[in-house]
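Each remark here refers to the structure printed beneath this line.
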Amino acid sequence: MNHYFFLALIGFIALPTLLSRLCRIDKIFPLVFVQLIVGLLLQSSGALAWLARHDMNLTTGPLADSLNGLGWLGICLLIALTGSESAPRGAGRKAWQFIPVSVVGFSGTCLIGSAVGYALALRYPVLLGPNADIGLFSFAIGLALSVTALPVLVSILRETGLAGSAIGNLATNSAMLDDLWMWVGLAVILSLSNGSGAHPAGLLAALALYLVVMIGPVRYLLRRWCLAAAGRSASDRIIVAVSVVFLSAVSTDYIGLHPILGTFVAGAILPREALADWRDSLLHFSHIMLLPFFFIMTGLRLSIEVQGQSLIELTLIVTAAAVLSKFFSISAAARVLGHSWRNSFALGSLMQCKGLMELVAINILLDGGIISGPIFSALAIMALLSTLITAPLMKGMLGAPAPVAPLAGVPAQTP
């Protein structure tokens, strides 16, 4: 650790916010968009090479490892908090409608996305990563197009006053289940990739054993401990909770899967009171002090050209496939379940947001050698575009705002 490390901290945390305020684009684009653009500009303008010549290498070496570590720490904390909010919300028989909605929406989008991935692989073999064949690549693209970002969705619902409503709860629960399908899909892809080093059957068996242990004895012991520690300091609870999250990450990494899967599972099995006193503080700290490192380092990995194939064309293809397939499959499922066309289309609009979860997924796919840099760039921009259109599209489908009736025990949020 030296002065270069602290200079990088200042630049990564302050520069995007400063640019967003000075250029007055904070009302148009979210800060994450600016952070990705800062990373892209650093590597495309030659600034990255200039910094490397002056002993400040942001791509390889100890400094880059430290910055990446801070970013992934923020992701781990955020995903754990997301997992802790993943219990189904609502009451009555309709509370479980999210299962067919999620299954139809995710599988339909994944099938169409896989077909698009197959066509792209045939036409542009350069898009395949070193550890993927055409089938694995196609499945990875289908998976990437099917993601819905639960943290971003919850934020949009709060801002639009739909949190706690029937349509809001259906969207939240469906996105929660989508996250589960995503992690299972990533586990399958990593187990089948040439670079995984593990037999798929053995890896999936280890995953099943891990889930049984976490959902069974670990969850039981944590509940007992939380009851016994009810009168103790909140610091004790957060230390135990964070330790469980990180040990779970170690476990999934050890069996050959990504540590992020372990953080999500740990968050899901933690009693809510274990994180209740620290939830808002951890969220704010992660967003402000840690996630900028993840987004800017992701921006450094973006590439503009694909051997004559423009980034714009690739982005348009994957964005159109993701938006249209998700919208119509979700809307059709909701309509079959008895919802009005208006609410069905609104639900299809809400499930568009990809946000952070998409960026996490494609970073894992890139690191695993499943996809290459060019398609990674197109998918990253698709994640931003689909997230940006979510709220306007949903408002357009719902039309004039109407009073939203909250479900029992779930207070509605106001913008």
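If you go along the chain as it appears here, the first residue is 1 and each next one adds 1.
Each residue, glycine too, has its Cβ placed from N, Cα and C.
Automated prediction, rather than curation, is the source of TrEMBL annotations.
The annotation domain 'Cation/H+ exchanger transmembrane' is assigned in TrEMBL to 15-394.
For 6-23 (among others), the entry in TrEMBL reads transmembrane segment. Under 8 Å from some Cβ of the transmembrane segment (6-23) lie the Cβ atoms of residues 29, 31, 34-35, 38, 56, 58, 63, 67, 288-289, 292-293, 296, all in the same chain and six or more residues away from its ends.
Residues or ranges marked as transmembrane segment in TrEMBL: 28-50 (among others).
Annotated transmembrane segment per TrEMBL: 70-87 (among others), in sequence order.
Look at TrEMBL and you will find 99-122 (among others) tagged as transmembrane segment. Sequence-distant neighbours of the transmembrane segment (99-122) (same chain, 6+ residues past either end, Cβ-Cβ under 8 Å): 128, 134, 137-146, 170, 173-175, 177-178, 181, 185, 314, 317-318, 321-322, 325-326, 328-330, 332-334, 337, 347, 351, 375.
Marked as transmembrane segment by TrEMBL: 134-157 (among others). Note on the transmembrane segment (134-157): residues 78, 81-82, 85-86, 105-106, 109-118, 120-122, 127-128, 163, 168, 171-172, 174-176, 178-179, 181-182, 185-186, 188-189, 192-193, 318, 321-322, 325-326, 350-358, 361-362, 365, 370-371, 375, 379, 382-383, 387, 390-391, 394, 413 of its chain, located 6 or more positions outside it, place their CB under 8 angstroms from a CB of the stretch.
Here TrEMBL flags 177-195 (among others) as transmembrane segment.
According to TrEMBL, the feature transmembrane segment maps to 201-222 (among others). Same-chain neighbours of the transmembrane segment (201-222): 187-188, 190-191, 240, 244, 248, 251-252, 255-257, 265-266, 269-271, 274, counting only residues six or more beyond its ends whose CB sits under 8 Å from a CB of the stretch.
Within the chain carrying the transmembrane segment (234-251), a Cβ under 8 angstroms from the stretch's Cβ atoms is held by residues 76-77, 80, 210, 214, 218, 222, 225-226, 259-260, 262-263, 265-267, 270, 273-275, 277-278, all 6 or more beyond its ends. Residues or ranges marked as transmembrane segment in TrEMBL: 234-251 (among others).
Long-range contacts of the transmembrane segment (282-304) within its own chain (CB-CB distance under 8 A, at least 6 residues past either end) are made by residues 12-13, 16, 32, 35-44, 48, 58-59, 64, 67-68, 70-75, 77-78, 81, 275, 311, 356, 359, 363, 366, 373-374, 376-377, 380. Residues annotated as transmembrane segment in TrEMBL: 282-304 (among others).
When Cβ-Cβ distances below 8 Å are used as the criterion, the transmembrane segment (316-338) is approached by residues 97, 100-101, 104-105, 108-109, 112-113, 116, 120, 141, 144-146, 148, 170, 174, 344-345, 347-349, 351-352, 354, 375, 378-379, 381-382, 385-386, 389 of the same chain, each at least six residues removed from its ends. For 316-338 (among others), the entry in TrEMBL reads transmembrane segment.
Among residues of the same chain six or more beyond the transmembrane segment (359-389), those with a C-beta under 8 A of the stretch's C-beta atoms are 29-30, 32-33, 36, 75, 79, 120, 124, 126-132, 136-137, 140-141, 143-145, 147, 149, 152, 182, 186, 189-190, 193-196, 258, 260, 294-295, 298, 301-306, 309, 311, 314-315, 317-319, 322-323, 352-353. According to TrEMBL, the transmembrane segment annotation covers 359-389 (among others).
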